[in-house]
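TrEMBL has this to say about the protein:
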- A:48-359: domain 'AB hydrolase-1' (DOMAIN)
- A:158: active site, nucleophile (ACT_SITE)
- A:228, A:356: substrate binding site (BINDING)
- A:322: active site (ACT_SITE)
- A:355: active site (ACT_SITE)
């Protein structure tokens with residue numbers, strides 16, 4: 001059975017900005033809360049800060065136990081003491097995105113009016129639409145509050161790679177090095193299409209109730225779960241699914257339409273049902289839309305124009321079996337950066353793990369990321 | 001300036017890198033096409049050069065990136081077109097010209113995006129090649145040209161005279177040139193192009209547009 005009650009409210013470390021933030025859509029969110037975690041120590045020169053951005057369903061618990069799931073940090077393979085993003089050396093910051101559901105201002109938080117007066121109900125679908133740039137604006141406020149004028153690096157994969165690009169385009173002087181991983185300069189039509197299937201699944205769940213599911217303490221678990229199942233397929237690859245599951249049957253080989261027959265079905269259902277215990281459906285709708293809106297060329301005239309005369313150095317990496325953010329998209333980004341005469345490193349990591357590879361154990365990728373950050377640190381004398 | 005690491009001599013590869021490094025003044029912008037694991041770039045960085053690289057071999061590119069070098073996986077035939085005009089002071093193509101699909105177009109691109117081009121290539125006009133072809137009747141097989149014809153990446157071999165003819169046809173000015181032996185030592189045939197073409201195992205040219 002799907003769990004249909006909302007997940008428990010837990011405390012997160014957050015910074016509150018009473019002045020709020022003005023969004024691309026014109027709305028003002030006041031106050032603005034940004035939930036975050038930090039690791040390591042900011043040095044006296046304030047020059048060793050690395051901002052790690054998180055992907056669509058990630059959170060600020062990048063290198064420690066996630067309080068809701070009890071599982072390890074989502075990028076522990078990369079971030080930690082002695083790791084490529086070395087928390088003994090760098091001051092690592094990770095913030096929950098605007099519109100998220102781990103403590104930052106989002107659809108599940110209490111609604112406020114333009115003067116910041118609480119309205120006694122969650123935002124729900126009245127939460128204004130946010131963009132990747134809005135997420136970055138919120139992060140910038142946090143970074144400044146933490147006393148950092150210039151980040152040694154901003155890094156992230158997938159949607160967080162979009163944030164990395166937005167950071168470098170919007171605040172070039174504040175980003176010494178940028179690593180957009182398994183990302184692209186815009187969300188493709190195919191990716192928008194997959195997102196729309198997920199949103200349609202949520203919308204069609206009777207428990208969604210037009211976004212007002214909080215009223216009777218239920219969540220659109222079925223719809224959100226299906227959304228996750230569809231999305232999860234796009235994070236993997238045909239080769240990885242074949243390697244993991246092949247055509248193996250789950251239990252008895254009875255001909256049935258009702259139960260899981262193949263192992264891969266059972267796996268996807270599991271992914272769906274665990275997801276609804278940690279993620280808010282309205283946040284999912286908000287953030288997938290933010291990704292869909294993302295188009296750097298449209299914002300700046302062209303990708304090259306977005307990075308004209310940039311002082312930032314870049315490390316772009318893609319994964320060979322990633323068909324959600326394929327290598328061709330990263331290569332197009334690299335060529336646009338070359339056209340802007342920006343210093344850029346680019347490699348494609350050979351793997352069969354699909355888009356998810358950026359989160360997994362990929363030693364070559366980790367070594368390259370470590371080398372890139374170490375090079376940036378050397379250049380800044382960190 | 002430090003000497004090139006001994007290992008490159010020992011491996012008998014990229015011997016011309018030291019000579020190229022000597023041709024490049026400090027504090028300029030350089031694009032190294034076919035940069036391998038970034039040996040030349042790393043050496044240039046010691047004299048303040050802003051060096052970028054392109055490498056076709058993914059493993060070598062990954063190695064270079066892991067050392068913090070600005071290297072992209074790509075190739076001369078497909079990636080040069082995306083750089084802006086005059087973005088670099090020097091564009092280097094060491095021992096790669098003979099392996100690209102369109103050498104003439106690559107040279108044009110190099111001199112579009114850079115003020116100077118430095119090109120090195122193994123000289124197919126060396127006496128050993130000529131003798132082997134003349135008496136053996138088979139494609140020459142030497143230390144430099146070690147791969148059989150059916151799997152060599154060197155699809156456009158040329159001689160020093162061939163290269164001079166192309167440079168003249170394209171209107172390039174040859175600022176420096178020299179022929180070197182396999183150990184990377186300058187050969188003393190500077191006075192005669194024909195002798196250099198006979199005895200030089202590798203050639204090194206610095207060009208600019210006329």
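Glycine residues also receive a Cβ, built from the backbone N, Cα and C atoms like all the rest.
The structure displayed is predicted, hence computed values, not measured ones.
Sequence features annotated in TrEMBL and their locations in the structure.
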| residue | record | Cβ contacts under 8 Å, 6 or more apart |
| --- | --- | --- |
| A:158 | active site, nucleophile | A:55, A:56, A:181, A:182, A:183, A:324, A:325, A:355, A:358 |
| A:228 | substrate binding site | A:57, A:198, A:271, A:272, A:275, A:276, A:279 |
| A:322 | active site | A:182, A:237, A:354, A:355, A:357 |
| A:356 | substrate binding site | A:235, A:236, A:240 |
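Neighbour density for residue A:355 (active site): within 10 A of its CB lie 23 other CB atoms from the protein chains shown.
When averaged over the domain 'AB hydrolase-1' (A:48-359), pLDDT in the model lands at 96. A helical conformation is recorded for residue A:355 (active site) in the three-state DSSP classification.
In the three-state DSSP scheme, residue A:228 (substrate binding site) falls into the helix class.
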